[in-house]
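J.: Dropping the structure in here first, questions after.
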Amino acid sequence: MCNLFFVILCYLCWGGLRFPGFVFRFFWEPVEWVGQIFFSSYSTNKRGVITLIHKNLPFNVIATHKDNEGRYILVKGMLHGETVLLGNIYAPNAQDGEFYTVLFSQLVDMDCANIILAGDFNCALCPKMDKFPPQSILTKNSKALWQIINELDLIDVWRHYNPLSKEYTFHSNPHLSASRIDYIFMSKCISQLVQQVNIGHIGLSDHAPVVLTIQPMRHIERSRSWKMSTLSLLDEKFIHFITEQTTVFLEINDKEEIDTRTLWDSYKAYMRGMIISYTSHKRKQRLTRHELNIARISLRNLIMRKAE
């Protein structure tokens, strides 16, 4: 068990992040942090995110990326022989699809299979479960966040282990409402490392902490079996594709002289190849669309700067 892994603090507003070499305890007592520090701050000290890694953790940095508005910091490194990407996110409260498009592009560019994202995402993934009073409509930001989760094969760690529970990380007294908008997401392939995940009590901040305890990365056991994503079954085009491929396969191979068990095994192997090919093609298409969106955003920003 790893006693101190890493700490992610989101949107520190106590004087901004003008003093990134210090961590604030209760009563704002500055204490020097012994270890690695990665942060992104906004120029007006209005917001920022910071990730702290203890000196005893053998984390060797490979690459980092941050935005200029104090919204996120991504840190990629080697830990116990495994590459891991730590992401600290403070998402906009306003509906901003552009933010998630850029974030997804950066996560893809970092090219890492083991991802842990944490922070204040300012939206509820499941408004029926994560908001009080419950709601039924997903916001634009919620849909964009779901797309990132599905594309990168992540899980909402707390919800995964508390499927029916209703706990909240933010309370609004004026509106008499509560919501779970602070999340920790991680790649499914490392989810077996989870030992404990809890939502704490609201103290100094107006948000409750979410605490995740995991085993060292060296305990990862890779699965050798292939598994189709069940989310594909929600895609009508995918359903049509597998129905069409099943018809083609049976027309060619369903002969009287072929044993039923042999036919079934052959069908599974055939469909596995078809599904992998289909999902790979769809993923490339989505990445291309995201690249086009990034290009449009960059062009628009360039035009706006020249106009100024």
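Using N, Cα and C of the backbone, Cβ positions are placed for all residues, glycine too.
As annotated in TrEMBL:
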- 40-207: domain 'Endonuclease/exonuclease/phosphatase' (DOMAIN)
- Tyr90: active site (ACT_SITE)
- Asp120: active site, proton donor/acceptor (ACT_SITE)
- Asp120, Asn122, Asp206, His207: Mg(2+) binding site (BINDING)
- Asn122: site 'Transition state stabilizer' (SITE)
- Asp182: site 'Important for catalytic activity' (SITE)
- His207: active site, proton acceptor (ACT_SITE)
- His207: site 'Interaction with DNA substrate' (SITE)
J.: For the domain 'Endonuclease/exonuclease/phosphatase' (40-207), what is the mean per-residue pLDDT, to the nearest integer?
T.: 89
J.: I need the least crowded one of these recorded positions (Asp120, Asp182, Asp206), counting other C-beta atoms within 10 angstroms of each C-beta.
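T.: Output over recorded positions Asp120, Asp182, Asp206: least Cβ neighbours within 10 Å is Asp206.
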J.: Would you count the other CB atoms within 10 A of the CB of Asn122 (Mg(2+) binding site), including those on all shown protein chains?
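T.: There are 22 of them.
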J.: How many Å lie between the Cα of Asn122 (Mg(2+) binding site) and the Cα of Asp182 (site 'Important for catalytic activity')?
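T.: Given the Cα positions, Asn122 (Mg(2+) binding site) is 7 Å from Asp182 (site 'Important for catalytic activity').
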J.: If you count other Cβ atoms within 10 Å of each one's Cβ, which of the recorded positions Tyr90, His207 has the most?
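T.: Of Tyr90, His207, the one with the most crowded Cβ is Tyr90.
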J.: Rounded to an integer, what is the Cα-Cα distance in Å between the residue listed as 'active site, proton donor/acceptor' and Asp182 (site 'Important for catalytic activity')?
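T.: Their Cα atoms are separated by 4 Å.
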J.: With DSSP assignments reduced to helix, strand and coil, which class does Asp206 (Mg(2+) binding site) get?
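T.: The three-state answer is coil.
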